[in-house]
Amino acid sequence: MQRPPQEDFSLKETKPHLGGGKVSGDKLTSTYDLVEQMQYLYVRVVKARDLPGKDVTGSLDPYVEVKLGNYKGTTRRFEKKSNPEWSQVFAFSKDRIQASVLEVTVKDKDVVKDDFVGRVLFDLNDIPKRVPPDSPLAPQWYRLEERNGSKVKGELMLAVWMGNQADEAFPEAWHSDAAAVSGADGLANIRSKVYLSPKLWYLRVNVIEAQDLIPSDKSRFPEVFVKAILGNQALRTRVSMSKTINPMWNEDLMFVAAEPFEEPLILSVEDRVAPNKDEVIGRCAIPLQYVDRRLDHKPVNTRWFNLEKHIIVEGEKKEIKFASRIHLRVCLEGGYHVLDESTHYSSDLRPTAKQLWKSSIGVLEVGVLSAQGLSPMKTKDGRATTDAYCVAKYGQKWVRTRTIIDSFAPKWNEQYTWEVFDPCTVITIGVFDNCHLQGGDKSGGARDSRIGKVRIRLSTLETDRVYTHSYPLLVLHPTGVKKMGEIHLAVRFTCSSLVNMMHMYSQPLLPKMHYLHPLTVSQLDNLRHQATQIVSLRLSRAEPPLRKEIVEYMLDVGSHMWSMRRSKANFFRIMGVLGVVISVGKWFDQICNWKNPITTVLIHILFLILILYPELILPTIFLYLFLIGIWYYRWRPRHPPHMDTRLSCADAAHPDELDEEFDTFPTSRPPDIIRMRYDRIRSIAGRIQTVVGDLATQGERLQSLLSWRDPRATALFVIFCLVAAIVLYVMPFQAVALLTGFYVLRHPRFRYKLPSVPLNFFRRLPARTDCML
């Protein structure tokens, strides 16, 4: 597979005209905005009065047509109304205006041909300008005219002005570039929107015991367990060890719950009467609105809940009350942060309970400017096209820009702001192709296609600096990595309190409860999966929906799946980190072997000074680190990080490895391919197993020094320790260190090729590998 040119995937710095001004150095010359100004002609159609009747009956079905050159927008139609109210806004991009006159016409809807009622004309040169934060322009009454200019009966209330995208009317306006979109649903699907993730809680159900159960078969010992269901989450306890009618469990079950709480927690006590047959002894439903909320690890009060049983009597379900009950401790955990994102890309680390939130440390502002060179994502009327929009996610706030219809170089120029509570967080910005322009899901369950995404870690941004870069949009396909275009962003992180922000670096990353009462890794994985499902379900029910495929792509669902490419990339990352240690080791080996005699002599002198003046050891180390840090300042990164194809091993991935990565789970490939892949995974797992085994062996040898596993070896080591203690007590420490140092740095003619005695002794120590099958 041919490797694409690396420069295609690079980050590019840009110099846009933000807010009508230029970016000079780190600050804007104009404090207006982080986006380029776009001029729009706005027309607000408010209402009409005294419109003349046009039908034989004298009634009127009025609507308004706003026309500017080739662009034409219409209001909704009213039936039989001479004083209609529309309150609709139309926006025409100044870049696309090719006419000099704006025509606003009132028409009457008719079966054959719509009747002309009257119109109002505006010369574009006479239209006033409005710059926010000026107050909105007050609408005025205009007399309707005939086509020949004579006045007719009826008046239309309008406001017409030139403005920009910061205008309050902008988000809800009908845009001339969306003229091809039909229906209210379609228009709603292309407008910019802000969404909020639901507030998520961990629900802890501590199942303690049950009393006075009545199993159907009293001749046997009951094997009882408790099943808990919350929405689509179901968990169960183990079968109670006490096989009586008063079983005990004392087991914790954890769920994810989202406000507003729509579904109750349903608990059912069940008896395993046969290997695959369970019988419900009783159940109870607990509404989450009445469950205790706790902020720390202090236990909440336990409660007894009555169990109910339903029986069918003559086709009807009847409840029977009986004395069985269950003992529980149920609480909503406010002290944890509910993880719904990949831990490495978290945009929020606050606990659920607002009482525990710290004050914000700053503000993140992002200007979504434009995109260039987007790939065609679909065909419409035999022509390749893309209808792109962006989604940005930080904290609980999701934003969605408007959709730019049929453009491979869309210009959004929209700006959004987020409060920042922790600098070590990541904002994710994704670009998608809108497949729902005709409204709803009428296009046969079409899914919005992903074009690519960008992640920016806030801690890598300098405070108050405006970053304007073009980021490559990279997507991994079964055929390899592909650049889908570039997105142009302006980003500024403003810090409100430098002291608070620096203090954050001393705080644990997650809330205290994660460390005081940690959840297991498997629990966290299951809970994260449930949290992402809940968030995607809730956002897909918004209007217009933020669809499931969008939310899952933004939250990195599926990033934990096996990937040969990712495993290789992680291996190279480890080698990169170890490379520094290895290079220091090689350098020291060269010193010991007198490869460069002058350097070795200088090291001897430095070593001698440090031994004679041991109080200089730590200052020298820290001074050396200080000098290295200052030296590396010249090569500090100037750009925010971006997707790196070489680091991800995406630019040279084998086609079969990519096919495996995009395979479904469970697999859908033929048996011979599965066998080959299975063997490959076994070979890699074997290598990992060997490395982990070697590390374990070294650790066990260290333990064996004193464990008397090898009595002779431990006896030798114990005697050595006694002799060493006496010698070190008698001899000055400086003399011991000096002799040791000179021995290590001795000239090659005094060295042996064979391993040293301590190393031989260590390698002969037993490890527990002998006990392994």
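All residue numbers here begin at 1 and follow the chain in the order shown.
Cβ from N, Cα, C; glycine included.
Per TrEMBL, the feature region 'Disordered' maps to 1-24. Annotated compositional bias 'Basic and acidic residues' per TrEMBL: 1-16, in sequence order. Taken from TrEMBL, the feature domain 'C2' applies to 22-142, 184-305, 345-471. Summarising the annotation, TrEMBL assigns transmembrane segment to 571-588, 600-633, 715-745.
Beyond the transmembrane segment (715-745), the same-chain residues lying 6 or more positions past its ends with a Cβ under 8 Å from any Cβ of the stretch are 591-592, 600, 603-604, 607-608, 611-612, 614, 705-706, 761. Taking H, G and I as helix, E and B as strand and the rest as coil, DSSP gives the domain 'C2' (345-471) the counts 7 helix, 63 strand, 57 coil. DSSP labels the residues of the domain 'C2' (184-305) in these numbers: 8 helix, 64 strand, 50 coil. For the domain 'C2' (22-142), the DSSP-based tally of helix, strand and coil residues reads 6 helix, 56 strand, 59 coil.
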